[in-house]
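> Please read through the structure below; I'll follow up with questions.
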Amino acid sequence: MEKILLQVIYLWLLLAKTQAGNIITPNAHGSSESKSLKVNYKKLFSDSPSDLDLDILNDSSEIIDDSKEIALNFDDFVSQKELSASIKDNETSFKTNGANVFKVPKTKMKKTIASKHSSIKNEPFINDFNSELLFAIKDDNLTGYDTYFHAFTHLYDHNKWNINSFSFDITKTCLKDVKKYLNDLKLSRDWALKVNDASGKYRGLFFFENSFWLGSKQYCYEINNEFANDIPSLQFFVVKISIKLEPVNKKKLRIIDVGQCLPKSCTQQDVIIIMNRDPASLILQQTLTMNNDSIKANEVKVLETRKVPGEYSIWEDLKFYIFGLTVLALLSLIICATVYEEILKARGLLNINNEIYDDVNKKDKNTTSGYCENNNNKYEMSYINNNINNKSNIEECKTNKNHQQDFLKLGLLSKMLLCFAFGSNSKAILSGKNSNEDSLTCIHGLRLFTLLWTILVHTYLQMFGIGENRFSRNISERTFLYQLVGNATFSVDTFFFISGLLIVLLFLKTEKNQNRKCSNDEDNIQKNDNVLSTDRFWIKSSQKMVMLVLYRFLRLTPAYFFIMVLTELLMKVTYNQSVFTPGLIDHINCNKYFLRNIFYINNFYPLNEMCMMWSWYLANDFQFYIITLLILFISIRYFKVSLISTIFLLLMSWIITIYMSLHYKYTHKVSDPFESFDFLYDKPWQRFGPYVMGMFTGYFLHRVKVPPKIPFAINFALWSMSSFILFIIIFGVGEGQLNMMATSFYVSFGHTAWGFALIWITLSCCWDLAKPINSLLSFNGFFPFSRLCFCSYLIHPTVMMVTSFQSDGPVQLRHGLIFTAFLGNAAISFILAFIISLMVEAPVIRLLKVFYRK
């Protein structure tokens, strides 16, 4: 208490001297001489306040009058610097807004030079109004900050921290440990130097968008291991700082992540207080008043801080145990089923070709897009896989008769157990065989290359998120080939095209095989099983449609939900452990909004409320599937009505897209492909065009029984036209941005044009008019990867986030590095997709076959 009282007394004497005008004295010539008061603030807060020095420095300033005053904010007491202040301007007065001010007598000065100090003269702190506040800072190790940017580069330098600046505001245990650390740092103790070195500081490239001053989490915790109990236990914190410096970044707000290795006893609030009291930060935040107008010049603000690792523990998460038990149960079933299958085969009781991923466009007469009617007038659901992985593939309603008889001898439980057999499932997935030589094998190549393109683009975006030299993205955006990344939104349109093609083609083929007809003639109805009354036709069509939608829901959802839960758990762990802040918040949204995904309506919600934002494709595809089934069933009786309805929906999609684009004043930019996410990017009205083009293609393939003979010139012209359209769509944004009207045209018709260009590419491959390209796309080595595309698409963003955010710091972006990361992402994604397919997807498909046959 005595020390505090003495400090207050000396402070009061200091203010009293100032108010009395003691620093202005006449010189030998009779004029007033300017004096600057020098105060050793270290001693003001020292253990011996009696050692406080009050000195007067002679300056070469000429006093003009007594009409102005200068006020110095007492925040600078905490900077551990010997400080003096003077003013330069013959017109302007300055005054701080703070409550604690140190006033000098009203003076007006001409050019002032502090003769015994380094002063900030090269760049004024506030120069927007032809005014300049000069701080003369004296330090044993650092002469001073010459410019704004010089002070900025010394933000969060632990060597400048003063324990007295926050001693009354942080917890006692934190204060004790921080005090020991700062004292040992001044003494250059080894452990303290390493702690300072492991903490984040300015590391260059601020003007080139480097926002990571992370230090090293790994080395911070290594200090704990190295020095054991000799030092306070350390904790790594990541502090998010918003920075706006008028002279430096021209009012542009920047967010940087700063890593801090500090005592574990400090809470997150303690860290915020300590960071806010950083001397360089206080200098940069000076608020000055001029002509009664308050102007906020700078902002250095702590937004949030978090411990790394945080408080989350996966061992305390109930969902992890439920998921783990589910995985163990599935693995147990797979092991038991595999053993059981081998026993049956050894006894000669089972030899079934359990084909799971049937190739597209099967010619079997019993194939159906819905379900086929057998001799017992019971309906079986056919295998429709209308997604990225085998869009609308349809299984054979009847297997080989001899094998089927063996299979039917087994009980229901045996059949269900065999659905999990590793041997038959893996053989079906990895098979390079195609059931029909003339099937749409080119679809496999299209699907695979489209997925690889998608993974490549996502890898670029992933690496940009953790890049140190992120300005290289701006440089890359000016290059011609980067438009393959920026305009890759059209890659997903290929999936929609394939989906529309296959569902229409297979539906029309099965309807032709069934040859269903409507009639009101009772005799005709009774004589022919394929003739139905009008009422009966619509009832049965409605039943079929409901069954098809239900089948598809049950077919897709288990694997989808499995990956969703896995993504949520992995993102929780990643966010808890990573020094980076993932742009996606699936660890929160998947728990809150998973039902939107389950019911395939998540594309109608904003991005910040989406779980697995990339799953918007599934929502759109499911919605298009329902619309297409409705149109197809109508087409059986009223073909023209269904055609007009399709064209009308296409026109409406264009109109709505144009309206939304103009309403939101959207301008397409190659550098920001997701800018329109909440109103265009993931919405069905923008994506319906390529789906319709796929529908038309499926209709053409169905109607043209014999491949036509197309002259080489026409074939070449059509290929040239298709290639030109694709080229213009991807590389047509010359300067990287379109105006508002051009954007509305581009986003509305561009996606449909993409699907239109794929029409001839697909037809020519199916009709064998482009043998080299068809041979490439139909390469049987692509078949297994194509079958895994559904799970690969769903899991690959999770793989990318988990792997990239394990890094201890930012990376230097290079195209070679990004391409290498892409290869790794693709490989891991396909491996995980194979595992998930064996555990969930393939067994579910076979179970559906068993139950729908029942």
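The backbone N, Cα and C atoms fix where each Cβ goes, and this holds for glycine too.
In TrEMBL, annotation is done automatically, which means it is predicted and not curated.
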> Which is it, of 677-696, 737-756, 777-796, that TrEMBL names as transmembrane segment?
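From TrEMBL, the annotated transmembrane segment range turns out to be 777-796.
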> Could you give me three numbers for the domain 'Nose resistant-to-fluoxetine protein N-terminal' (171-302), the DSSP helix, strand and coil residue counts?
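Output for the domain 'Nose resistant-to-fluoxetine protein N-terminal' (171-302) reads 60 helix, 35 strand, 37 coil.
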> Quick test of the contact rule: Cβ under 8 Å, at least six residues beyond the ends. What residues does that give for the transmembrane segment (622-639)?
386, 496, 499-500, 503-504, 507-508, 511, 516, 518, 537, 541, 544-545, 548-549, 552-553, 556, 600, 603, 645-646, 649, 684, 687-688, 691, 695
> When only pairs 6 or more apart in sequence are counted, do the transmembrane segment (713-733) and the transmembrane segment (545-566) reach 3 or more Cβ pairs under 8 Å?
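The answer is no, given that the two segments have fewer than 3 Cβ pairs within the 8 Å cut-off.
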> State the residues, same chain only, that lie 6 or more residues beyond the ends of the transmembrane segment (816-840) and have a CB under 8 A from a CB inside it; answer 'none' if no residue qualifies.
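Long-range Cβ neighbours of the transmembrane segment (816-840): 327, 330-331, 334, 422, 425-426, 429, 452, 455-456, 458-460, 462-463, 558-559, 562-563, 785, 787-792, 795-796, 799-800, 803-804.
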> Which of 320-340, 440-461, 646-664 shares the most C-beta pairs under 8 angstroms with the transmembrane segment (481-508)?
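It is 440-461 that shares the most Cβ pairs under 8 Å with the transmembrane segment (481-508).
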> Residues sitting near the transmembrane segment (646-664): Cβ under 8 Å, six or more positions beyond its termini, same chain?
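Cβ under 8 Å, 6 or more out: 627, 631, 676, 679-680, 683-686, 688-689, 692, 695, 740-741, 743-745, 747-749, 752.
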> Averaging the per-residue pLDDT over the domain 'Nose resistant-to-fluoxetine protein N-terminal' (171-302), what integer do you get?
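Summing pLDDT over the domain 'Nose resistant-to-fluoxetine protein N-terminal' (171-302) and dividing by its length gives 85.
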